[in-house]
């Protein structure tokens, strides 16, 4: 009634509303829980949602709506069971286990762990606790599950009663039953729900009872003594009195469960003006109570946005589907989805949380807030001292503490006290209170089981106002001591830099600090560098700790492209690595080399208007078996510079989707050779597409797909991925099987199945994007133990509906679908990631961005592209009519929704070059030479994802294409070789001279001296020696005549040194330009012939072109501005 009434005011707009039953209908109309939008607040900042749930007294009868929804599915499953039973008896097939439930009964079928009927608007879950005849009843689920969910999340609960004389025996009983059954099933609940009692169809009452306040006062007065007349109510009152609550009236008891109690009367039929007036009052009342609840949640900083509410609701459904008794913790769930800020305050908070959770010595002594933060004083003081020296900030550390750091410290202390420090009240029988400060007030003291065992406010072990000032004074005093020691050390050891002295002093503090905590191995974070508390941790060490780049450089032995670590600075006494652990570092101003591997193309049927989708299994994917095309392209490139140089050595970042994601993980994480990838890939294809029973039999095959939720068996595929990739963490984790970290950064795309949001799973860390428009998010678990493993990432990126089920991560219960649903050609992801990983070169072009597709049929591609461009409605939506599909509704809906909006991979590439590259002023003229796409034309219809029998023909067609395009493949390989060289300026060499400006420096190779890689590269360069020709470098000022360029030869003697000894060293060179802002190019020439794609023979070395004379000052200015923005925005957001 509320929705229909308000919708009339919205110019006749149609809003969904619950279906009401007739007076003679004994069945409930709708089942489960449904959310409906309030028309009046729909477009406001705080929209109201009406939750309509199945009646609590509906018994075992299946609601009419649920009967209608499941009728088709049940008929199909019934046919399938009947047929397979007959076939099993006749030996034609295996008979499945008989169902334990009748098709029409109200018993919940838990014999099969399958999910049906899930669409983009609804979801279903298995009830893991439904294991007995009683718990399997529908009535049990309705009465036990729904109140927990609705009481926990509702701002207002509306109870409708037709006969007010039956209030005590019906509604009061329900009010208290709902409250008592649910109040102890949540911890840290920010606000109790408000209760609104609607006395419906009221006749013959005084006019003043149409007033809300009067109706409320009279009803509460009438039932004031009800708690003494009914034994059940009296028992509840005694329980609350036992924990300190004053219960004298029924309202006192109701106040224990609800934030407020309000009564409103609605007249019976015939008094339509009064009814409209009362409905208006009801709407205003609901809105007023919702606003009060929102203000309460906002005051304790636990007000959820629409997106977060969706996440919390799903989390609660997951929780109560698994366990009805364990309480749902609001704060714990909120903290999972609200990452701690990556600033100094957030990093201090992360360390404090880790101490509270992991320190054995602190916990033995009580582990209170004061003890934790006082213990951190030496660490925080030393980090402030180190940061001020690293950033060369003027002023004494004590002065800087007051000017720049003190607010961060206070924010961290307040954040811990508000959200992480549980109440210190305890009871000898019931134990400690588990509510934190911001989730304590509505209920009082609750133990970990949810039991409310005492009334009272939050209690802390520290007076925050007094302690905050004392704590800052302790940091200030410790800073003075550290500064004195720093000054004494710098005056005594003059040959060492201030950075080296500060780092050494800090290392001593680190070791003492973590030794004092005990069990240092448990202090691991993937969001905070626990060495300096200032930067993002990027580099995992063998012990499991992850440090930032500045700390790695401070405590390691630096070379041009590597840093060797012999110990972990957090616990030097316990670590000694021989040989040293090698960390690969991109040289300053060197460029990035990016490889992009496709997933699957959009099927023609999905994007051509007017074509009906009979079955998504019939469409063509370019994932699956067509990944072999990408592998053969990579092998062809690799063979140019010798197969002993793995292709992944020439890329800094590999981004893949679906089958391309599996290849990316194999190359970059498991460090497989291309040959090993091909062998493994064929093994995966042969075993992954394992058909189910009745496969190949018309109709029955589709019914089996309905029954199981996917065309192919998922467990064998999952087991195979686990066997090949093993349990290696994708990021972080202790590593005893290697001598260096992963050389290549890898990102694979996936899609969250609940909110259908694109995510990437990576083996690296990088700062969060400041751009809210980023079309994906990077997943990084707050708990290192819950990081994705390599096999899990492979499974998540390739969970292609309808071929395989979605992937559910066991420890988080999060579900993922194929990354190709959003980024089948992940070039946009590759572009954004390159810029965020290496901000120093974000506004320059990459050395190369190579995108490889999984093959196409040239003719089909032209038709598809033309049709997509010409058949789009003015509103931007493609017209696609669908008929009923045999696929599971969830997968069909998700896949169809996405496919309707997907372009082919080639079109995505074209749009990227048009939209992204043309809009960036920093893109140079030769950008098209660096952004290269290879997508072999197979010259036949592209096979399906699961067409294993087409592997041989795919290989033949790809080899034929590569043979016809040898020139392009060779150019790509040579460009990669050129990117192995970079120019390093001598420090302080830039100066003004008569000709303009000059600097000096050397050309270096990315491969380490004496390494096999350097020798193999020398072996390749030997093949470039032809007659009198020797490879050479060219140095020129952009825009000048070729005759003004300098030629720097790479003599045969140098190449021989590379080949035999693994050393590369050229003489120091002088670079002269006419202006300070002039652009310099350095090229490598490996042959005299022109390349077909570039139309010249000059290939830029890494990072060029560059403004070499001004880049240092520009970088310093940009770095300082970033530091200031990070510091002050972090402080404000905290």
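Counting begins at 1 with the first residue displayed.
Here the Cβ of each residue, glycine as well, is placed from N, Cα and C on the backbone.
Heads up, TrEMBL stuff is auto-annotated, nobody curated it.
A sphere of 10 angstroms centred on the C-beta of residue 658 (active site, nucleophile) encloses 34 other C-beta atoms. Annotated active site, nucleophile per TrEMBL: 658, in sequence order.
Residues or ranges marked as active site, proton acceptor by TrEMBL: 818. In three-state terms derived from DSSP, residue 818 (active site, proton acceptor) belongs to an extended strand segment. The local packing around residue 818 (active site, proton acceptor), expressed as other Cβ atoms within 10 Å of its Cβ over all shown chains, amounts to 33.
Marked as coiled coil by TrEMBL: 472-499. The predicted model assigns the coiled coil (472-499) a mean pLDDT of 91.
For 97-110, the entry in TrEMBL reads compositional bias 'Polar residues'.
Among the features that TrEMBL reports, domain 'RING-type' is placed at 529-572. Packing against the domain 'RING-type' (529-572) from elsewhere in the chain are residues 342, 344, 347-348, 351, 354, 379-380, 383, 386-387, 390, 499-500, 503, 506-507, 510-511, 514-515, 520-521, 523, 578, 580-587, 731-736, 741, 764-767, 984, 1004, 1006-1008: each is 6 or more residues past its ends and has a CB under 8 Å from a CB in it.
Summarising the annotation, TrEMBL assigns domain 'PNPLA' to 618-831.
The annotation region 'Disordered' is assigned in TrEMBL to 88-113.
The feature motif 'GXSXG' is assigned by TrEMBL to 656-660.
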Outside the coiled coil (472-499), six or more residues from its ends: residues with CB under 8 Å to it: 374, 377-378, 380-382, 384-385, 389-390, 396-398, 401-402, 406, 409-410, 505, 509, 554
Whole-number Å value for how far residue 818 (active site, proton acceptor) lies from residue 658 (active site, nucleophile) (Cα to Cα): 6
Assigned conformation of residue 658 (active site, nucleophile) - DSSP reduced to three states: coil
Composition by DSSP (helix, strand, coil) of residues within the domain 'RING-type' (529-572): 8 helix, 10 strand, 26 coil
